[in-house]
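Below is one structure, written out as structure tokens; the observations come after it.
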Amino acid sequence: LFAGSVPKKYQHILALAFAIKEINENPSLLPNVTLGFHVLNSYYVAKTTFKATLSLLSTPHRFVPNFKCDTQSHLIAAIGGLVSETTILTYFFQLTYGSFSPVQGDKTLFPFLNQMVPNEAYQYRGIARLLKHFAWTWIGLVAVDDDNGENFLQTVVPMLSQNGICYAFILRTPERTYMQEMLESLVTLLDQYPVLTDRKVNVCLVYGEPPAMQVLRMLLFTAEMSDLPPLGKVWVVTSQWEFASLSAQRIWDTTPFHGALSFTVHSNEPPGFQTFLQIVRPSWSKEDGFIHDFWEQAFGCSLKHSDEYSQACTEEEKLESIPAVLFEMNMIGHSYNVYNSVYAVAHALHATYVSRSKNGILPLFSYTIQFDENRELVAGFDVTNWVTFPNSSFVRVKVGQLEPQAPAGKELIINDDQIVWHRIFGHVLPLSVCNDNCYPGYRRKEKEGEKFCCYDCAPCPEGMISGQKDVDVCENCPEDQHPNVDQNQCIPKVLSYLSYEETLGIILAILAASLSLATSLVLGTFIKHRDTPIVKANNRTLTYILLISLLLCFLCSLLFIGQPGHVTCLLRQMAFGIIFSVALSSVLAKTITVVLAFMATKPGARMRKWVGKRLTNSVLFSGSFIQAGICMIWLSTSPPFPDTDMHSLSGTILVECNEGSASMFYCVLGYMGFLAVVSLTVAFLARKLPDSFNEAKFITFSMLVFCSVWLSFVPTYLSTKGKYMVAVEIFSILCSSAGLLGCIFTPKCYIIVLRPELNNREQLIRRK
């Protein structure tokens with residue numbers, strides 16, 4: 001085993017000794033075999049490690065490789081070391097309990113090496129997911145200044161970029177902690193201290209072995225003593241550094257690391273380990289060459305009673321009284337890897353023993369460890385939260401775990417509620433972003449010359465929304481929805497059609513009902529006075545037909561109010577066109593009747609044979625049937641249907657009747673216009689007839705009103721949308737129908753109701 005001189009690393013030796021003790025006391029595992037171990041210190045230096053390795057392979061005190069004399073022990077495996085430079089040493093069976101950097105190359109070059117920690121790449125991906133989980137997109141990087149640190153940066157930086165994370169700065173710490181180098185590095189880092197104080201960068205990712213991290217601790221300690229601004233960072237630490245400190249750093253404040261998050265190798269506490277630690281004393285093993293140094297460094301006392309500058313050790317000190325930065329009672333991740341390494345070797349030896357003896361079975365292990373094809377441990381990492389206390393002690397609280405073999409998207413589990421954040425953040429989740437978030441309704445806009453994590457916030461274009469923070473592209477709403485005022489969500493569009501519940505619809509409905517009632521009263525009046533001269537003189541049948549058609553015209557306007565349906569869309573224009581054609585044909589028939597009746601009174605007139613019901617019926621039915629034929633063609637080719645227009649008006653769905661064929665609609669209007677023009681022409685020519693027969697004058701006025709209304713209807717209809725287009729057509733129907741009713745029947749009703757003395761045969765003869 002290659003252990004460090006930092007007091008906390010002594011737990012690796014104790015884990016080794018505890019595992020050996022358990023195996024030697026277990027009669028079912030390697031019976032009649034006693035395992036031993038030899039511990040050498042690497043001092044984190046490869047040269048020292050090579051020297052120690054040669055001593056294992058040579059005659060005592062002489063470096064003669066592959067020759068061993070004067071010893072009864074047989075080296076069967078090596079466990080170590082904590083860093084890759086002190087691991088790849090020999091061609092005998094090895095298990096490493098520390099990280100193995102990918103920079104070392106292909107694992108096939110080291111066929112005897114087995115890694116007792118998961119692949120580094122898993123940890124890097126877990127770090128990226130952790131940062132993304134908390135939306136920390138603007139961070140600092142602190143890495144050891146060696147090949148491992150360079151490889152870490154080359155691997156992690158692209159991975160962070162892929163997850164939308166940028167780095168604000170990179171600080172490199174020295175590989176070694178020799179005092180002179182540490183002081184030089186400290187001066188360099190102090191010059192860069194203002195970079196660390198950037199309040200936008202509240203998270204720093206730290207990578208490095210324990211020796212390289214000492215200068216970081218010294219920097220924070222020096223800053224505190226020099227009254228420099230406190231950093232107040234969330235330190236995200238890789239598994240290489242387990243917050244190990246030198247004995248001289250026991251009084252250094254651990255507050256700067258309060259709330260730090262650390263990836264640690266997954267570990268379980270072996271039963272009995274705490275009890276085992278209770279018996280550890282300086283005299284517990286005469287062959288332990290590290291216990292005295294550890295005891296003096298950990299407790300700050302001297303086992304040499306002649307040392308007058310240090311307090312004498314009682315040798316009854318308790319390990320649990322040591323600050324956690326120097327020693328932890330719970331088995332830490334790397335110590336747990338050492339423990340597993342010993343058992344892996346023991347089970348391999350036992351399997352060999354069983355296969356050779358051809359009897360016996362393998363003992364059950366309380367849990368299983370598994371290696372992949374690269375001889376790397378198949379396991380995950382724990383995410384721990386460092387909670388520090390004023391007495392420089394701290395505890396690790398497990399707040400999550402990283403399981404690389406879990407289903408996609410579930411590899412990292414974090415219990416946010418269990419995390420304790422640094423006091424400077426008010427114990428709430430800190431932000432670490434280049435600039436404030438772009439809130440819903442805005443999108444990110446790249447800043448020229450800046451990293452992609454730094455951006456401006458621009459409002460979404462009109463008609464688009466962003467429903468989440470920090471989106472790059474705004475999106476359109478579905479066709480039946482539109483953005484709200486803040487442009488952060490889509491809301492259903494309002495259905496728009498002329499309804500009976502709105503003011504305009506109510507007014508038009510009341511107007512149509514009132515005019516229908518007025519028409520009914522006029523019809524009733526004419527029926528009541530049907531035998532009077534003024535009614536008989538104007539063709540009662542045509543008058544009744546005209547009044548009934550006008551009544552239906554007023555009522556058919558109600559088909560245009562309300563939500564369009566399949567039936568109403570079919571009936572609207574058909575009923576309007578045919579009924580209006582009946583009314584206009586009636587007016588035309590009345591006009592022709594008046595003209596022919598006057599011409600037939602002249603002596604020798606040939607028009608007598610045309611005067612009668614046959615001509616009147618022919619004009620009425622032919623005029624109506626032609627329009628009915630046009631409507632039938634319309635229905636059979638392109639019938640109207642209910643439709644929605646989602647684009648003409650923002651935030652509104654226009655529910656309307658699609659005419660199916662606009663040309664057929666204008667054919668219907670055109671034919672009505674033709675009937676109106678013919679009626680107007682005939683009535684205009686008959687305007688000078690005697691007063692008793694001069695209904696043509698009123699028909700002329702009614703046709704002028706009718707033509708004026710419908711000529712103004714066309715451009716107005718084409719320039720409006722939705723319910724206002726429908727309102728224009730209803731208004732045109734009501735106005736033109738009211739024009740016919742008022743101009744033709746008002747004078748007659750005046751005589752019938754208000755001047756009945758004029759409604760007699762003598763008055764008609766006198767006026768003639």
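Yeah, the Cβs are placed from backbone N, Cα and C, and that goes for glycine too.
What TrEMBL says about a protein is an automatic prediction, not a curated fact.
The domain 'G-protein coupled receptors family 3 profile' annotation in TrEMBL covers 504-768. The feature transmembrane segment is assigned by TrEMBL to 504-523, 544-562, 574-598, 619-637, 663-686, 698-718, 724-745.
With pairs at least 6 apart in sequence, the transmembrane segment (724-745) and the transmembrane segment (574-598) have 3 or more Cβ pairs within the 8 Å limit; the two touch. Between the transmembrane segment (544-562) and the transmembrane segment (698-718), the number of CB pairs under 8 angstroms, six or more residues apart, is fewer than three, so the stretches are not in contact. Put simply, of 504-523, 619-637, 698-718, 724-745, the stretch with the most CB pairs closer than 8 A to the transmembrane segment (663-686) is 698-718.
Contact between the transmembrane segment (724-745) and the transmembrane segment (619-637) is not supported, since fewer than 3 Cβ pairs fall under 8 Å when only residues 6 or more apart in sequence are counted. Residues 542, 545, 570, 573-574, 577-578, 581-582, 584-586, 588-589, 592, 660-661, 664-665, 667-668, 671-672, 675 of the same chain, all 6+ positions outside the transmembrane segment (619-637), place their C-beta atoms under 8 angstroms from a C-beta of that stretch. The list of residues near the transmembrane segment (698-718) in space but at least 6 beyond its ends in sequence, with Cβ under 8 angstroms from a Cβ of it, reads 584, 587, 590-591, 669, 672-673, 676-677, 679-680, 683-684, 687, 725, 728-729, 732, 735-736, 739-740, 742-744, 747. Averaged across the domain 'G-protein coupled receptors family 3 profile' (504-768), pLDDT for the predicted model comes to 84.
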